[in-house]
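The structure appears right after this line, and notes come after that.
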């Protein structure tokens, strides 16, 4: 039976599990592991009562050993932006302020996950996901590691573009690449709907396109602040995203999505166009980019490399 | 477009919304109302980013006025067991300790909901749901009021029976009637799987049936304590249940479920077998019961009537 | 990747595939095998264009060899009631008239399926499914064989009861056991809704219950004639049923359903209460029955044993 | 309750109904109308037995009067390519050979549909859909008319591109515009995956792009021949497509899809980028096109205008 593990059953972990249950799909068994084992047990017991209403899935709390045989392990453990004091959105460091604390936590978790589930694909959700994925890859000693990267940012970009275009977000194609964080790059040049660049579609609205661009970038930023002020941290959107990514791996969908994996040409883990399926990210490529976008990506790579170094610093002699 | 309102966007409200979005179905627009308008706005913003991945649903925060035209309004506002100090599970009062505080809150909310959405069906989720549904019906001045009642208890009963029988919970038929609370009645006599009484099926296991009965009742109680100790309060199971009940109303499913509505023969609101569809509960009847079960139901009715009186006491001169 | 084979891609086979694709679930790859390889190729090509709109499933035509590794193989090949001249509904033989022709066809098919997919669960859909399942079990030399049995009959029973009770069919519990054919037994005594016998619920309608019983039995018969006169043979309902049964096996649901498997006490294959999961039917038991129902079941067993003999007669020296 | 009508319950109509039932969504009631009322009754009776397994939908056969109140009416009645003798795929006329016969049939049907359901959106599926939509719009006297157009062709394009790119078809963006027929235009210039032109992605494969283009165009043509030789006509893919389009209207999704509606600048009905929601196509625009593609579109417009004239010729004095 196809098993999925969740390490860290806070708000994001729980939303992911609820979404996995509701969506049915390939997942048949879910094991919840949390430092606070009472929390894991409580969430498992609560979720179980939803299962008669959805395709059969078993949910239970467990220890690391219970991850044995898991096809995917989702790691959401760690401090979030609020508990880690990273809510000053004008701070260029942003989520990177969480690196030290969460890298320590990962250094404790990942070896135990890998010992129990050596074949599992590891999906990093904790902030900042990209440097933590670098650390996870090093700790795991294999390449079946990816992070949720900029997929949630890309969905935000699509939702706000769709608002302006007055169409269904599903039909707007737009990506954010680079860091899931302050250096991320919105790919305006390739964003499209109905086979037509969104910049052309927006231009037809009558307002100056540069103004609309800035407004949409503000919409995204404003929505993020609204979430953080309202509930402390993004959890429902990222939970659904995480469930969907797990399904893409389990089903070997070869989905084309902006999630982050180690990309040898840049010697770090970042979101580009990734093909996600069995084993994790099977292929990556750089999308078409304008010169500005490429320059932005390069800046993001620099920031990510530096952040990765800081994450790796928790290893004994930078191993 | 079919609109659903949610008043009170805590953990239960949010799980309900996530489940409504994931399930698709009839609901097209969801309005979130919360005393803490920043929380409603935060949850709405967060949920929106899940919507490109599911059938089109709009989620937004609003005030009571924005409930205009809603087909169903879900009320989850109020203190929960933990915040209301009702976590001593040996206390025979149980959730009824919350009546005073939550009746006051409902007295403030319901008239505003009814003023904005006079045609809406009102679904009460807040604990204790049955007395609060009596109050809501009085405040609303109409009969399109029901509570989630003992549906979640019935699911728990089914899940733990299924554990023993080693079958899928969906295929175990079992109901809990009466109060969603300490006086609830598990209908062992009519519980069945595959057209066969579960008591017969359990008897084949070799253990004394009375012992197994007690163990299952303990399993249910134990799981509930596990949830409360783990996360403070049941939220995911009840969220999925709430989404499913809303769908039954919107789709006029004429679903046969143990939810609570006003039942004239007993002059109070309690869970019996209810037929749920357009307009709420369209019909109710008493299931087959053993003498003991009937006696238990009568005790539950007494407790519910008294609790309803306490809820109604918030009205000026008991109006 | 989880693979399902379909041998015989007529109307029923195609409806099954469409339903498997639409439902998502565990199935990831579907191989279509048909004597008319052009038909298999045509259906596969047509279905493929629906797949971008549903969870990823690959559908392709193939030969028996391509069934290698299939978890379940669905066999729908053979003459149907119309092509086999079994449409005289007053004929007590009914579908059994197809035994000779379809047993010959199965004798050609099953060994090739088993050679290619020795580990697969085999699901028999072709009429008459129960004797053909006996033959299939003998040819396969293993016990992972079941037929769709009386599940479709049970759904018909539930739908027509629900019509009378004016409730959702999903919430009516009712089973038909014995033969999928003229000797089938409707279990009126255990049919229930909301924990209450349907005979009691129907009695409250005011009409004599015996009259209503006869009318419902006529409704079922009439609907069947309507289907046969309209389209030649039942195909859509049975297609959805087949997809659902496959999912129960793949997901190891331990679903409790009236499908047919070999039941040692009766030394034949018939529908009783079956627990369906990994490996096929894992457990069977006889539901509670009235004396009349039990007598009916015994007559059905006699008819099924005789029919099974006729199916086995295609084997060299009744092997 | 949201009602959908289906006029013409052949293979395509039935596949559409099965898909509507399986998908749940907004549709609550389906009325089947067919010249052969026994066929409609048979399909309805058969489909009903699938409904306990899916969200509540009522399916019934009826006459035109029963379409009253339908939100959408799907018209699939008429000769198909095989019965109409339009299977010579080298014939540049293609589906247009069916115009005469099917326009006569539509002249009989549409006024009766509009008389019964004057507010309904009309969706034309019968071949050739675009000229028949012109005729339908004239007969209906309103603009809530669209055809399935080139959406199925676009899905074919996406599936075969995805084959070459070895990714999930859902993530390939590609459209076919103009006629659903021999003059259709594949928009290679705007086809993309992961924000990158597919022509660039294909170029990386090492083969000359022009060769790959021709091969993909052949793949599409070959698959179509495979379908027609195998089952007589495309039915399952188009059925799923039709169900999805109905849902987009009922849910007011503002989906961005290549379906056909009347486009004033070209004075005919053709597929461009259409925004589909309540009331049908709410907006249309021309996607970005290369010069060759634009020239192809203009040729398609000429063919469509002429075909529309032939369809309109069934009206008394070309009314």
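From the backbone N, Cα and C atoms, a Cβ is placed for every residue, glycine too.
Bear in mind that the values here come from a model prediction, so they are computed numbers and not experimental data.
Taken from TrEMBL, the feature domain 'Lactate/malate dehydrogenase N-terminal' covers A:2-142.
Listed in sequence order, the residues of the same chain lying 6 or more apart from residue A:11 (NAD(+) binding site) and placing their CB within less than 8 Å of its CB are A:231, A:232, A:233, A:235, A:239. Under the heading NAD(+) binding site, TrEMBL lists A:8, A:9, A:10, A:11, A:12, A:13, A:34, A:102.
Model confidence over the domain 'Lactate/malate dehydrogenase C-terminal' (A:150-313) stands at 95, taken as the mean pLDDT rounded to a whole number. According to TrEMBL, the feature domain 'Lactate/malate dehydrogenase C-terminal' maps to A:150-313.
For residue A:180 (active site, proton acceptor), the number of other Cβ atoms no farther than 10 Å from its own Cβ, over all displayed protein chains, is 28. In the three-state DSSP scheme, residue A:180 (active site, proton acceptor) falls into the coil class. Per TrEMBL, the feature active site, proton acceptor maps to A:180.
The binding residues for NAD(+) are recorded as A:8, A:9, A:10, A:11, A:12, A:13, A:34, A:102; their greatest pairwise CA distance is 17 Å.
Cα separation, residue A:10 (NAD(+) binding site) to residue A:180 (active site, proton acceptor), rounded: 20 Å. For the binding-site residues given as A:8, A:10, A:13, the lowest number of other CB atoms within 10 Å of the residue's CB is seen at A:10. A straight line from the CA of residue A:13 (NAD(+) binding site) to the CA of residue A:180 (active site, proton acceptor) spans 18 Å. Sequence-distant contacts of residue A:34 (NAD(+) binding site), defined as residues of its own chain at least six apart whose C-beta falls under 8 angstroms from its C-beta, comprise A:7, A:8, A:9, A:10, A:13, A:40, A:61, A:77. In the three-state DSSP reading, residue A:9 (NAD(+) binding site) counts as coil. Break the domain 'Lactate/malate dehydrogenase N-terminal' (A:2-142) down by DSSP state and the numbers are 67 helix, 22 strand, 52 coil.
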